[in-house]
Amino acid sequence: MDLEVVVITGMSGSGKSVALHALEDAGYYCVDNLPPELLTSFVELEHAHHGHRVAVAMDVRSATALPLVPQQLAGLREQGVQVRQLFLDATDDVLVRRFSETRRRHPLSQAEMREGPRPLLHTMRLERELLAPLREQAHVIDTSTLRSAQLLSYVKDLLSVPPSRLTLVFQSFAFKRGISMDADYVFDVRMLPNPHYEPLLRALTGKDAPVIDYLRQQPEVALMLAHIGDFLDHWLDALAHNHRSYVTVAIGCTGGQHRSVYLVEQLAARFEGRWNTLRRHRELDGI
């Protein structure tokens, strides 16, 4: 079947509606809050009437039927459908702040309890438990520090690459701001020589020629780059054979400005001919 289906799930307040808007802008026929039990019949019907790209969003309000989703997606794959799964997430403190700012109730907050409505943090923990099986199967996008426009751009970038090949997402980040929740592999490069302590390089980034020249001259940097590249060379085929659509490789240094940026750029250049590759610089891009 000549059809691509994108299924968006995730935590309430994580930005699922924004992601769905990105898909709508990209030409997908989109439906929000689709009951999971209708997924297969909906996809088949929309394929007959609206073309070859369909996107649906589901949330925890359909919790009792969510266990049906993995089986339905497996059935679609057996029919030759290209299925992509995205799971949007954010840290609890960010989700609490978003609910406070919008003054919206959590979908599970009014579930019947003897003591009354559930406290928000308790509700969020329950939601995480209910959605855990879907999270394990999906590409996770951490929206904790993403503005709406950045999330729109990132989703469009993810879906602009062919679905038939593994997509490698290389991401630089600063440990002082925390490790991203969507990383599959995290490499700590804080032990490498730091251009921050070179006065002429401090204001530059790992994309700038003087910083690139400086780091290329450091034997430890070359060794780290080779070790990470060799590790990925060894295991990416196995991940692709295991039907992984996306793999996020996060490289972290102290400030997310020099060393991690340089390594992300070099690794992306190494693998872009073999796999779909995307670059993200969390601190530089304001992500």
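Backbone N, Cα and C define each Cβ position, glycine as well.
Pulled from Swiss-Prot, these are the features on record:
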BINDING   GLY10, MET11, SER12, GLY13, SER14, GLY15, LYS16, SER17  ATP binding site
BINDING   ASP59, VAL60, ARG61, SER62  GTP binding site
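Feature map: Swiss-Prot annotations on the structure.
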residue: GLY10; record: ATP binding site; Cβ contacts under 8 Å, 6 or more apart: LYS16, ASP59, LEU86, PHE87, LEU88, ASP89, LEU131, ARG135, ILE141
residue: MET11; record: ATP binding site; Cβ contacts under 8 Å, 6 or more apart: LEU88, ASP89, ALA90, LEU95, MET124, GLU127, ARG128, LEU131
residue: SER12; record: ATP binding site; Cβ contacts under 8 Å, 6 or more apart: ASP59, VAL60, LEU95, HIS106, PRO107, LEU108, MET124, GLU127
residue: GLY13; record: ATP binding site; Cβ contacts under 8 Å, 6 or more apart: ALA90, LEU95, ARG98, PHE99, THR102, ARG104, HIS106
residue: SER14; record: ATP binding site; Cβ contacts under 8 Å, 6 or more apart: LEU88, ASP89, ALA90, LEU95, THR143
residue: GLY15; record: ATP binding site; Cβ contacts under 8 Å, 6 or more apart: LEU88, ALA90, THR143, LEU146, SER148, LEU151
residue: SER17; record: ATP binding site; Cβ contacts under 8 Å, 6 or more apart: ASP32, ALA57
residue: ARG61; record: GTP binding site; Cβ contacts under 8 Å, 6 or more apart: ASN33, PRO107, LEU108
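Within the same chain, residues at least 6 positions away in sequence whose Cβ sits under 8 Å from that of SER62 (GTP binding site) are ASN33, PRO35, PRO36. Those same-chain residues not listed among GLY10, MET11, SER12, GLY13, SER14, GLY15, LYS16, SER17 yet with C-beta within 8 angstroms of the centroid of the ATP site C-beta atoms are ASP59, LEU88, ALA90, THR143. The Cβ centroid of ASP59, VAL60, ARG61, SER62 marks the GTP site; residues of that chain outside this set whose Cβ lies within 8 Å of it are ASN33, MET58, ALA63, LEU66, PRO107, given in sequence order. According to DSSP, GLY15 (ATP binding site) sits in a coil region rather than a helix or strand.
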